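Enquirer: Shown below is the structure under consideration.
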């Protein structure tokens, strides 16, 4: 019999299929009672369930609940509808369901299994999957339950819609024990290079990048009845920093592709020239995602079904109030009092999360911006159209307009950082007395000195867990993505003092702007992308620090982005892999390095060894934890953010004196010119399953 953790994991399997059918690779069947049957299966559900059970390798009994949970709001979402947290009505539904799942008494796991099974049977599969994932991450008794890879459970959110007809044919015709040829996904399936934004499709539509965004919002939801789920340490600041780094990385990629930095969307009444045709179909709704034509505009939203009533006038009023808060350095509270504005508060105001200090006054600018864009084609629900990809956390980064909108959001944060209420760093805050960086470099095995190399890779993703109503057995899709040759940082440091700890902060930045001229510091600081941050010990005298690119505190390993959960069932690292539920929101390892150019694009490597006395947090540093990957973007579970400095330090604010990055350098910092060169070759991923040929 499957243990309760394995049974909970099976609730992710084939989300659009009813629970009466077998789940998982072992053909496991939940033994349902009348309590768990919907009206559709009231007459023959038990008989069907028993028939499936005759062929099952294991049967999972479900405990009858003494009191059935009530879902007065959540049941209003049809099972074949799309779900979006940006919609007020859907937020209410999620809060109701999440509250029920969190309220099951701790360690009553059979009750939890039955409650979750009842919710899965009766509610929309996407709504259930989101709330179930958040609950598993935030309940103390389910930390060993692995949240399944969202791209494998809902593959239609990530892959060309044409794939699924071929996938069903493969599943139906080829026996599971026969090697199956992967279905090839073309690199250019959403547009051609006649559309200049398509040059960035490899980045915007990357499965790992979109999983990163979805997973980050699972770990940091902006709404819940239980505020402890939302109120994590420096949550609003992390919303700023994660998205600021996304925009900086996107702008680096634009320069690599001979495009200008993204233009912020600040005039909310002008036409939007960026079109997007996603070429995705939803397996939940059996409809295609709506495209956006060039030249469409935001319009007032009046959609009763989603509880979405908001006007552009309201958005502009909220913007004026936020601008006033930045200009005065104060936030007005509902009771009329004020308090100082800081970056964490501003993040919660702008998103806005349940922690917003005054939602009536400051509104929900970020979230409604997504909704305005997602409903331009049907703002009044006249044509019964669903939202566009920008309103789904798993698909939003595919849309070119996502970056224009977030360039505006980031600009608001930057105005705060540049205001009179955020002072530039003093020399004593930046320096590390007695520490001198003599040289910094990067080294790629077999490569040129101070040169990073990127290339294309073919990787497989298993579709079978999300391929409803088809035979078991793996069905692979093969897609092309960017990758890089692993490298090491080498830092030579002289420490004239005694042995001490230091935080090593590593960034890279393009050397020239889009006009091919050197940057001014006020612009270049916003283009600095964090590559790594770690604490190390400096001995007295000379120190040679070597750090592998794969150890980055920004990223999660490739295996965790595209992890095969079925293979982890008996893995001795099960607890460690389950902790991925939390830290899995990190940046994908294969996208750590910008693409560069075939000729080689000039970048600069910046390394800083900061004063640990000003960095340290009085808690365990996380090294005793099984999962410390991606702490820069994800924090540490149930702990404070592992760095006392402002996120993005030392580039999060202007300098009082430096006009260039070279001017900014102090003895405890190093700057080195490097080159990023694209090797325009495509290689198969050695991790691809052996049966894919």
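Note: Cβ is positioned from N, Cα and C throughout, glycine not excepted.
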Enquirer: Need one residue: from 138, 243, the one Swiss-Prot lists with 213, 217 for Cu cation A.
Expert: 243
Enquirer: Suppose a student reads Swiss-Prot and sees 366, 370 listed for Cu cation B. Which of 406, 416, 481 should they find annotated at that same site?
Expert: 406
Enquirer: Under a criterion of Cβ-Cβ distance under 8 Å and sequence separation of at least 6, what residues of the same chain contact residue 64 (N-linked glycosylation site)?
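Expert: Once residues fewer than 6 apart are set aside, residue 64 (N-linked glycosylation site) is near 33, 35, 114.
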Enquirer: Which one of these glycosylation sites has the most other Cβ atoms within 10 Å of its own Cβ: 462, 494?
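Expert: Top count of Cβ atoms within 10 Å goes to 462.
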Enquirer: Restricting the comparison to the recorded positions 366, 370, 462, 634, which residue's C-alpha is spatially nearest the C-alpha of residue 680 (N-linked glycosylation site)?
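Expert: That would be 462, nearest by Cα distance.
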Enquirer: So which other residues, same chain and not among 366, 370, 406, have a Cβ within 8 Å of the centroid of the Cβ atoms at the Cu cation B site?
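Expert: Close Cβ neighbours, site residues excluded: 243, 351, 367, 369, 402, 405, 409.
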Enquirer: Please report the distance from the Cα of residue 351 (active site, proton acceptor) to the Cα of residue 366 (Cu cation B binding site), rounded to the nearest angstrom.
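Expert: The separation of the Cα atoms works out to 5 Å.
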Enquirer: Out of 370, 462, 585, 634, point to the one nearest residue 26 (N-linked glycosylation site) in space (Cα versus Cα); all of them are recorded positions in the record.
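Expert: Of all the candidates listed, 462 is nearest in space.
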Enquirer: Going by C-alpha distance, which of the recorded positions 370, 406, 462, 494 is nearest to residue 634 (disulfide bond)?
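Expert: Nearest by Cα distance to residue 634 (disulfide bond): 406.
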